[in-house]
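Please read the structure below before turning to the comments.
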Amino acid sequence: MSKQYVPIKKNDEIDVIFEDLTHDGKGVAKVDGYPLFVANALPGEKAKIKVSKLNKGYGFGRLIDLYEKSEFRIEPACPIFVECGGCQLQHLSYEGQLQAKEKQVRDVLERVGKLENVKVHPVFGMENPWHYRNKAQVPIGEHEGGLVGGFYKQRSHEIVDMEACLIQQEENDAVLQKVKSICGEFGVRAYNEKTHKGTLRHIMVRSGKVTGEIMVVLITRTPDIPNRRKLVERIVKEVPGIKSVVQNVNTKRTNVIFGEQTNVLWGEEFIFDYIGDVKFAISTRSFYQVNPEQTKVLYDKALEYAGLNGEETVIDAYCGIGTISLFLAQRAKKVYGVEIVPEAIEDARRNAELNGITNVEFEVGEAEKVIPRWYEQGVKADVLVVDPPRKGCDETLLQTIIEMKPEKVVYVSCNPATLARDLRVLEDGGYETVQVQPVDMFPQSVHVEAVALLQRRLSH
Ligand code: SAH
């Protein structure tokens, strides 16, 4: 069979059996080895599909008739599941989701990382995989004279109103509804992206899971908000737990949500929350994990894998606001954190101070530049933790790790494909992947987070 061979034609209607799920939640069926991706299909299902698009190595199809359903197929709990697109796996039972995520991690480690028989544990799921998000952020529009807020209909700029989001902490939804209706009452107009007129672009709500503290952020096109004083007074009066009302001004014609200027309209600049015993200050723009309950599970695992006894020097590359660093600092002699965003490092230093943690040092910069410099200056890590963005670790950083020879590397990953690629490099450089623990940070969505423990091989 030649590589160019495509066994089907566009608009063909064919019967298939789905074998797998893609990383974005589509079903995969193969015709003579040629893979077809189909939305809303699950592994094990038999269906008639219509071929809609053919590329060189793969194609797409649409589901026409489902003959045999997966035992894990369920009715999506959310009435706007299809329109919204924010969750991709609500048609798969939670048990099915966890199995699929475990398989995804194992398969990609084998296929991309060439790691046969690596120990991948069953995914740590949530007891209640709903209402976990601590941050809600919705675009605001107008419909029949009133304000609406929710989500953009898939592949459009139309804003659909949403009363409840099932993965949002319930109080966030209630606050959003209230703020939306108060703004409407005071005559605030929604931003219109076509005319670049109107005021309110987005509303964001952040809440502290442990503390119950609430921050409301109004993202506006102009510095002025009609009836601002009264409007803020009403929000403060009607939102229980409110600690902070903030305005962010975004004057630009852009679909980037935030602008440069942030003003506190009432209360504090921060709200607080805890992960385990560590207290964090969260500002409007701070990066903070959106699922605090599972974050604790993930960091506990990272800490366990680090296996600290109080004598170690630890490096936390890609440290963000210092969440993992501060967790590790409680058990290490010294922790160094590096992160590229200056504001995140300011937050990290503040968070260290807030917790009276003095054995950490943070630096702004690229991990692949700062860590080699530390190494030259004589900093030698016993344990190195990385938690890179989706694109994975920079190649230079991986080479520095291989030279520096920390006893252990703990790799926290939000993208199994780049995890697999990077583990291969570290394996070839003298490390052994001992075990991998996936953690479900984003139930109902296709995302999967995993933490891997690597140990330096004795012969290297
Ligand atoms: N460990 C943190 C943040 C992880 S997200 C936490 O759990 O909260 C990944 C972080 O890597 C982001 O904060 C991003 O700003 C940062 N980053 C991206 N590229 C980087 C680079 N080249 N060097 C250092 N940090 C980088």
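Placement of Cβ uses the backbone N, Cα and C atoms for every residue, glycine included.
All annotation found in TrEMBL is predicted automatically rather than curated by experts.
D387 is the residue from D382, D387, D394 that TrEMBL records in the S-adenosyl-L-methionine site together with Q289, Y318, E339. DSSP places the residues of the domain 'TRAM' (7-65) in helix, strand and coil in these numbers: 0 helix, 35 strand, 24 coil. Under the DSSP three-state reduction, Q289 (S-adenosyl-L-methionine binding site) is assigned to coil, being neither helix nor strand. Cβ neighbour count within 10 Å across all protein chains ranks E339 highest among the binding-site residues E339, D387. Candidate recorded positions: Y318, D387, C414. Those with a Cβ under 6 Å from ligand 1, in sequence order, are Y318, D387. It is 13 Å from the Cα atom of Y318 (S-adenosyl-L-methionine binding site) to that of C414 (active site, nucleophile).
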